[in-house]
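J.: Could you have a look at this structure, given as C-alpha cells, before my questions?
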Amino acid sequence: MRNRRIVTCSNIFKSIRALAAYLFLLCFTLLLIAKISSTTYLSWWWIFLPLWVSHGVVARGRFSLPAPMPPHDRHWAPCHSVIAAPLFVAFEVLLCTYLSIHTSTGDSILSMKIVFIPLLFLEAVILVDNFRMCRALMPREEESMSDDAIWETLPHFWVAVSMVFFVAGTTFTLLKLDGVIHSLGWWDLFINFGIAEGFAFLVCTKWTNPTIHREEDRPVHQARQDSVGESSTISDDSRDEAEGLCSLENLGGHFLKILVIAFQVLLCMKLEGTPSQAKSMPLLLLFSPVLVIQGLAVIFSALKFMDNYMLLQSSRNNSTSRELFPYFNKIHAIFDFLDHGSRLLGWWSIDESCQEERSRLWEADTSGYETFSGLSPQVVKKMPKKDLAEEVWRLQEALKEQTEITKYQQDEFQRLQNEKVLCRVCFERDIGVVLLPCRHHVLCSFCSKKCKTCPLCRKSILERMPVYDV
C-alpha cells in the first residue's frame, strides 16, 4: 500500500515551477505556429521569449543560483549536463538572430554554420564524455569482464553511438539548409536521427538496464528545505515504486516517444512532399503531436499543483490528509516521463552519484572540505560574519555529504558480507559446498547439483564436497 504523502511548501513551489515551465513551452509552440502561418507579425525575439523563460524556470529548479564552488557544492553533475542549457540558449539566440535578419532584409549576413556551432559542440562534448566513461569503466587487463561492468558500461556506449549519429544528422541538416547538399533527402535525415534516437531511447527504457534506476546502490541527495519552519519530511513525487519490469512511468514514456516520432514523420512528409497532398498539410495538424504532449503536461501539472495545495491546506487544518485526485496520481505517473525526460542529459552520463569525484577524494585521503582553508584562529575571529556564515554552511553541506557516503559504504559493506556467505547463484541459501578440482567455495548444495561448471572459472566440476567435510 502507498504511504500517506506529506506535502510542504517545497512541493507547492516544485509544482508551480513545473506548471510554469510547461505553460511557457506551450506558449512558444503556439506563437511559432502563428508566426509560420503569418497569423501574427510579432518579432522573432518575442516568439522565442517564452522558450528562454522556460529555460530559466527549469535551471532555477535544477541548479542553485549562485552555485557554490566545487567540490563543496550540493551536487556534482556531469560536464555536459551543466553546459547543456547555456549551449541550447546560445543556439536559440543565434537562430533567432538569423531569422530576424533574414525576415527583414531577405538575406542574412549571419551564416547558418555559425548558428549550429553550439549544437554541434554540445553533441561533441557528450560524445567525448561518454567515450571517456566507457574507457574508465572497462576492467583492467588482469580483471575479468563481469556482468555488472557490462551493464554499467552499456548506457555510455549506447549514448556514444547515439551521439555519432546525432553529429552526422546535425551536420547533414546544416549542409542541406545551407544549400551545399541537394541529393540528400529529408527521409534520409529522418533515418539518421531515428537511429540516434533509438540508442538514446535504450538509455531511457528501464528494463534494458536496471543499473540506471537502481536507487538502493547509491545515496540519495535530498533537496534542501526552503524555510526553517517547514516539516523535515519532504516526499518526492517520483519516489513511487515500480510495478514489475515496466511501470506506468515507462509506459507513458513509450507513448510520448511515439508522439515525437509521429511529429518527425509528419514534418518529413511536409518538407519532402510525399505524398503530394502533404505539401498543403495544415500547421496545426503538423504540430498536433507536440501540442498533445505539451497540453497533457500542462493539465497534469495543474492537477498536481491543486492536489498538493489541497493536501497542504488539510494538513494545516489538522484534518485527515486525503488526496484530492487519487486516480490522477496514477495517470500523472504515466506522464512523469516529461519530468524525467528533462534529465535525459543527466542519464547520458551515469556519474551523477559523484562516484568519480569520491574516488579521487578517497585516493587523496581527504573529505573534500578543509575548514577555513587552514587559517589560524586569530584570522578566523576577524573574518566578516558573512564569510563565517558561508563557511558554516559549507561545513554543514560537507558533513551531510560525509554522512551519506558513510551510509552508502555501510550498505555496500553489508552487501559484500552477504555475498561472502550467500550462494552466488541464488543469493538465498548459505554457501555449503567446495567445488573440486578448482576449490571454489561459492555455491549452496542445491545449486551445486544443477551446475556442471564452476560459475567463476568455468572449469568442469568433478566432485562436490560439503563444507563440514573439508
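Glycine is treated like the rest: Cβ placed from N, Cα and C.
What you are looking at is a predicted structure, and each value in this text was computed from that prediction instead of being measured.
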J.: According to TrEMBL, which listed range is transmembrane segment: 43-61, 423-441?
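T.: The listed stretch tagged transmembrane segment in TrEMBL is 43-61.
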J.: For the transmembrane segment (184-204), which partner among 82-102, 108-128, 149-172 gives the most CB pairs under 8 Å?
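T.: Between the candidates 82-102, 108-128, 149-172, the best contact partner of the transmembrane segment (184-204) is 149-172.
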J.: Which whole number is the mean pLDDT over the domain 'RING-type' (423-458)?
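T.: Mean pLDDT, the domain 'RING-type' (423-458): 83.
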J.: Using DSSP, what's the helix, strand and coil tally for the domain 'RING-type' (423-458)?
T.: 6 helix, 7 strand, 23 coil
